[in-house]
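Note sheet for the following structure.
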Number of protein chains: 2
Amino acid sequence: MSQVDKQLDDIRAEIEQEVPSGISITEVAYEGPELVVYTRDPKTFASNGDLIRRLASKLRKRITVRPDPSELSEPSDAKATIENIIPEDAGVTDLDFHHDTGEVVVEAQKPGMVIGRHGSTLREITQEVGWTPEVVRTPPIESSTVKNVRNFLKQERDDRRDILERIGRQIHREEMSDDEWVRITTLGCCREVGRAAFILSTPETRVLIDCGDKPGAEDEVPYLQVPEALGSGPSSLDAVVLTHAHLDHSALIPLLFKYGYDGPIYCTEPTRDLMGLLTLDYLDVASKEGRTPPYESEMVREAIKHTIPLEYGDVTDIAPDIKLTLHNSGHILGSAISHFHIGDGLYNVAFSGDIHYDDTRLFNGAVNEFPRVETLVLESTYGGRNDYQTDQADSERKLKEVISDTIERDGKVLIPAFAVGRSQEIMLVLEEAMREGDIPEVPVHLDGMIWEATAIHTTYPEYLRDDLRDRIFHDDQNPFLADQFNHIDGGEEERQEVADGGPCIVLSTSGMVEGGPIMSWLRHVGGQDEGTMVFVGYQAQGTMGRRIQNGWDEIPVNDGGGRADTLSLNMDVETVDGFSGHADRQGLENFVRTMNPRPEKVLCVHGDESSTQDLSSALYHEFNMRTFAPKNLETFRFV
Amino acid sequence: MSQVDKQLDDIRAEIEQEVPSGISITEVAYEGPELVVYTRDPKTFASNGDLIRRLASKLRKRITVRPDPSELSEPSDAKATIENIIPEDAGVTDLDFHHDTGEVVVEAQKPGMVIGRHGSTLREITQEVGWTPEVVRTPPIESSTVKNVRNFLKQERDDRRDILERIGRQIHREEMSDDEWVRITTLGCCREVGRAAFILSTPETRVLIDCGDKPGAEDEVPYLQVPEALGSGPSSLDAVVLTHAHLDHSALIPLLFKYGYDGPIYCTEPTRDLMGLLTLDYLDVASKEGRTPPYESEMVREAIKHTIPLEYGDVTDIAPDIKLTLHNSGHILGSAISHFHIGDGLYNVAFSGDIHYDDTRLFNGAVNEFPRVETLVLESTYGGRNDYQTDQADSERKLKEVISDTIERDGKVLIPAFAVGRSQEIMLVLEEAMREGDIPEVPVHLDGMIWEATAIHTTYPEYLRDDLRDRIFHDDQNPFLADQFNHIDGGEEERQEVADGGPCIVLSTSGMVEGGPIMSWLRHVGGQDEGTMVFVGYQAQGTMGRRIQNGWDEIPVNDGGGRADTLSLNMDVETVDGFSGHADRQGLENFVRTMNPRPEKVLCVHGDESSTQDLSSALYHEFNMRTFAPKNLETFRFV
């Protein structure tokens with residue numbers, strides 16, 4: 001009998017001692033990080049409201065209780081009963097029964113009403129039909145990404161169950177080493193921005209944090225081939241943690257599966273979906289530009305299939321000696337600071353991922369309270385001595401001014417924007433400005449991936465800023481559903497109509513005018529001298545966006561027929577900064593200053609050479625902590 | 001055709017263009033780091049004195065020319081001719097013909113006379129008989145270690161030739177990586193003394209420097225299991241370099257072969273032989289103490305078979321992108337600073353191994369002139385702020401005083417000493433003192449491995465200090481052969497005779513009175529109150545030597561029959577320090593101060609926590625260089 005089986009036997013005995021007589025346990029199994037308890041008496045189990053929490057705390061495991069398959073009523077009967085129990089206002093849009101797990105997935109417009117006060121409705125469902133309800137939100141804007149991911153996971157459910165069981169046994173294996181150490185190896189994004197990748201290792205466990213590409217430097221990928229990473233075989237990696245879905249953190253996650261990795265990816269649910277969206281687009285762009293994509297779309301599906309979504313604050317065993325907790329980092333939807341608790345109180349490391357310290361319209365500011373943390377790995381994008389950003393209120397004032405002026409002279413406003421994060425922030429600014437009469441109410445057209453990314457945001461309102469979430473939850477005043485927002489889904493014909501029409505605002509990808517529908521918009525409205533083009537995001541050196549900022553007004557474009565041509569840009573060109581998703585130098589310092597507890601050591605990464613060194617030096621002098629600006633391919637030992 | 005074969009073809013073409021017409025080349029092959037050229041005209045080749053040097057410089061390779069097997073005269077004929085050519089005074093003691101390489105190994109008491117002026121005698125031999133002479137010294141004191149090693153290598157010659165060919169092709173393989181970096185990973189001896197082991201790595205190559213044990217801490221071995229070391233398979237290691245034979249650097253070298261390593265070990269020839277002696281003794285001690293030895297003696301033989309001996313100053317390709325040069329480090333016989341030149345001028349790293357900066361009687365002080373060196377990995381045994389040693393002249397004066405006093409009162413002097421290094425240093429002091437009449441001439445008895453270690457020293461006089469070597473070479477005044485030295489080879493009976501006799505000096509292992517013949521000497525002479533026991537080396541905490549220093553005079557011993565007993569130590573006990581093989585704090589600072597060029601970075605290792613940190617801090621403040629006191633299991637990147 002394996003050690004894991006013996007452990008499960010012991011746990012089962014402990015559970016049987018703990019539950020009231022009359023509840024029979026038929027199986028106890030690991031499924032990923034969770035312990036699943038099967039019972040013939042799910043109703044009695046469910047009626048003991050506190051029992052699961054008591055077991056979880058006693059066993060120090062996340063516990064899910066499922067009915068033994070023999071206890072499940074017929075789906076057709078169960079369907080009627082469930083529809084009876086859930087209030088009609090909940091807006092149930094789908095019920096899906098899974099015999100293998102005894103779960104019924106309830107898709108509803110208002111998941112809160114399906115759950116009920118303290119889960120009372122869920123318990124009632126279980127008591128009545130035996131099935132365990134799992135609730136998902138019906139996206140208020142239909143997202144094809146979310147739909148595809150959920151359909152795919154449904155279809156792969158058997159396979160996924162095997163994967164989760166294997167991972168579960170791996171997580172709960174016996175510790176082999178008597179030795180104690182904690183190390184971080186840098187595989188990328190040190191003294192540079194891009195190709196984020198770190199190894200956190202102990203004698204027992206190896207975890208990869210992020211695996212991104214480096215924009216504008218095709219050949220510079222993370223150093224995955226060194227022995228500390230995948231050099232001794234992909235199976236030597238226990239887990240992958242993804243802080244957020246931006247490609248400089250996520251692009252090469254699917255590549256791991258091509259290399260033979262077969263373990264879990266931990267991230268939030270929106271990060272999983274956004275990763276799917278962005279990596280598929282990444283492959284698409286590569287093939288359109290005539291490059292060989294580093295992996296096939298099949299590998300994106302593998303990555304999704306191996307993802308174990310975690311919510312902020314869930315303390316999760318990911319190895320015999322490591323517990324992972326994700327915390328909001330304020331950067332984009334689902335972005336997370338990854339906190340690792342190693343050993344039994346031995347050491348704690350937090351990887352910031354990308355952070356925004358102050359609240360933005362979309363997100364709460366980054367969390368910086370932890371039970372313990374000795375070492376912080378901190379992004380330094382704006383860590384340079386002069387990297388102070390304009391206040392967002394000033395930026396918004398300027399944006400509104402530019403828009404009002406343009407509309408007044410009957411012009412159109414064209415805003416190139418990144419699909420994920422910055423577009424939604426601007427949408428919130430525009431919605432409020434129109435609602436409060438700061439700018440005239442005109443149509444706002446959303447083109448490219450922006451609509452899809454927004455749809456994903458509305459699917460996960462619990463990841464948005466408190467008051468924004470509340471508006472969506474309680475007031476039915478989802479700002480993203482405001483009437484003026486229009487999804488451009490009619491192609492060139494619709495764009496032509498918009499171009500021929502009156503004043504309006506267009507948000508379109510790509511954010512740096514490097515392809516995508518923005519090129520089409522330039523053709524349609526670029527010549528209109530009453531219009532304004534407004535940059536709201538960072539334009540990298542060498543991009544068309546940067547050139548236009550610098551005064552270029554002859555833009556090389558392909559017309560629809562594929563012929564090369566040049567168009568004259570007659571629009572005004574304006575730049576409004578202050579909408580960054582990154583903390584500026586002040587924000588980074590504030591993050592560390594108010595961090596509780598304050599870490600002993602900080603590794604400054606994810607910034608160019610001078611930014612990381614400036615920040616490292618400033619934190620050392622200000623807070624008297626040990627600080628480093630590591631190079632790629634170094635290993636630091638902490639215990 | 002493999003890339004290496006193509007390369008050899010190109011080289012052959014180049015050689016054929018370079019050599020005078022009339023010299024035919026029959027084969028060009030790699031043998032370890034050397035390029036071997038086979039020719040049908042070895043005599044003509046040999047008569048062009050400068051040709052080989054010209055080829056070596058043009059091809060930037062170490063070149064050996066060998067006769068094509070068809071050109072070799074019959075050994076019996078050749079033997080007579082060779083004995084005719086070599087002057088009788090050379091004292092040839094053996095001739096050994098090897099058909100596979102065309103070499104004849106000439107063992108002679110005076111190798112210089114076999115070589116002749118600028119190699120003239122060697123060339124004459126080749127011209128006359130076709131065979132290539134290789135000269136080895138007849139040990140002035142017969143060393144069973146050297147004899148065993150040489151016999152073993154003779155017997156394994158075929159196997160060794162295969163190994164060398166494989167290694168040669170490996171060294172000269174095509175470089176695969178476009179990337180450039182240089183890293184050092186610490187696997188042991190950081191903030192501690194013992195278990196020396198480092199990995200030097202580039203995208204192309206991985207080299208292990210040293211692989212020792214930690215005395216007094218059986219379970220603390222180098223971290224070989226991490227992926228940067230052997231975790232991704234022993235074949236991922238290109239080469240092993242051994243700085244010197246002491247067990248804290250060498251003990252686990254044979255273990256690598258048990259783990260499946262099959263590549264070269266680079267060290268000096270005396271280091272190879274001493275490693276054989278010391279590791280076999282290490283196994284012996286382990287089994288006598290009832291521990292399971294970590295490997296079998298067969299693995300020591302594997303290590304010896306895979307050793308490629310280098311002389312100080314030889315610049316040797318050990319990988320496509322790494323050249324190794326060994327330099328005298330002044331610590332023990334054959335001890336070497338290992339200098340690595342990486343890439344084509346990319347970076348240079350020197351590992352000090354253990355060093356003695358000033359000249360001692362036995363050795364020249366450590367070399368600290370290099371063509372280039374950016375990073376130095378420096379031992380710090382005596383790096384602490386107060387680690388200043390007594391001047392050796394003062395120490396010698398005190399030792400002579402103690403000896404004279406003891407002899408005057410008809411007593412015996414008992415000196416526990418380490419077999420390798422310290423014993424020979426004391427022998428030189430005693431020989432001179434007696435020769436110059438500073439102390440009375442009395443017998444000096446050498447017991448334990450001391451005699452054998454001394455024999456190895458006399459086999460390699462070219463590794464000894466200039467003037468000592470000269471005395472051995474030119475004056476025939478080998479101090480180790482002085483009449484007063486007596487090898488105790490008659491066991492207990494001889495010891496009893498010595499004990500019953502008049503005043504004398506006894507040098508015996510073990511150096512810390514932890515077993516070995518010194519225990520027997522304590523039984524025989526420990527009770528004689530006119531005698532003196534003199535400690536000349538460091539006595540570690542917890543050893544019997546340290547206890548005696550601290551005043552113990554009841555010593556638990558086993559008598560010959562194995563019964564436990566106690567003896568009263570009536571001898572005087574004296575301690576004379578200043579004979580260390582390590583530079584003291586002043587020596588370490590002087591080594592760095594006068595180093596040419598001065599390195600940019602210094603990693604202080606091989607010392608306890610405070611010694612490494614003290615030295616690191618002192619070097620930083622004094623020389624404004626970047627200094628580190630690494631932990632084990634860290635990786636530093638330099639390029």
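Count begins at 1; order follows the chain as displayed.
Quick reminder: no glycine exception, Cβ is built from N, Cα and C everywhere.
In three-state terms derived from DSSP, B:Asp354 (Zn(2+) 1 binding site) belongs to neither a helical nor a strand segment and is classed as coil. In the shown protein chains, 27 other C-beta atoms lie within 10 A of the C-beta of B:Asp354 (Zn(2+) 1 binding site). The feature Zn(2+) 1 binding site is assigned by TrEMBL to B:His244, B:His246, B:His331, B:Asp354.
DSSP gives B:His606 (Zn(2+) 2 binding site) a coil state; it is part of no helix or strand. Counting only same-chain residues six or more apart in sequence, the Cβ atoms lying under 8 angstroms from the Cβ of B:His606 (Zn(2+) 2 binding site) belong to B:Cys189, B:Val193, B:Ala196, B:Asp354, B:Glu379, B:Ser380, B:Thr381, B:Thr612. According to TrEMBL, the Zn(2+) 2 binding site annotation covers B:Asp248, B:His249, B:Asp354, B:His606.
Residues or ranges marked as domain 'K Homology' by TrEMBL: B:98-168. Residues of the domain 'K Homology' (B:98-168) grouped by DSSP class, helix first, strand second and coil last, total 42 helix, 13 strand, 16 coil.
Annotated domain 'Metallo-beta-lactamase' per TrEMBL: B:194-418, in sequence order.
Under the heading domain 'Beta-Casp', TrEMBL lists B:423-548.
Per TrEMBL, region 'KHa' is recorded for B:5-72.
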Binding-site residues compared (B:His246, B:His331) - the one with the fewest other Cβ atoms within 10 Å:
B:His246
Looking only at C-alpha atoms, tell me how far B:His331 (Zn(2+) 1 binding site) is from B:His249 (Zn(2+) 2 binding site), rounded to the nearest Å.
13
Could you check what DSSP calls B:His246 (Zn(2+) 1 binding site) once collapsed to helix, strand or coil?
coil
Across the region 'KHa' (B:5-72), what are the DSSP residue counts per state (helix, strand, coil)?
32 helix, 19 strand, 17 coil
Per DSSP, what is the residue tally for the domain 'Beta-Casp' (B:423-548) in helix, strand and coil?
63 helix, 15 strand, 48 coil
Name the residues of the same chain, 6+ apart in sequence, whose Cβ is under 8 Å from the Cβ of B:His249 (Zn(2+) 2 binding site)?
B:Ala196, B:Asp210, B:Cys211, B:Gly212, B:Leu242, B:Thr243, B:Gly353, B:Asp354
Hey, for the Zn(2+) 1 site built from B:His244, B:His246, B:His331, B:Asp354, who else sits with CB inside 8 A of the CB center?
B:Thr243, B:Ala245, B:His249, B:Ser329, B:Ile332, B:Ser335, B:Gly353, B:Gly421, B:Gly581
Within 8 Å of the Cβ centre of B:Asp248, B:His249, B:Asp354, B:His606, which other residues of the chain have their Cβ, at the recorded Zn(2+) 2 site?
B:Cys189, B:Val193, B:Gly194, B:Ala196, B:Asp210, B:Gly212, B:Thr243, B:His244, B:His246, B:Gly353, B:Glu379, B:Thr381
With every protein chain in view, what's the tally of Cβ atoms within 10 Å of the Cβ of B:Asp248 (Zn(2+) 2 binding site), excluding that atom itself?
20
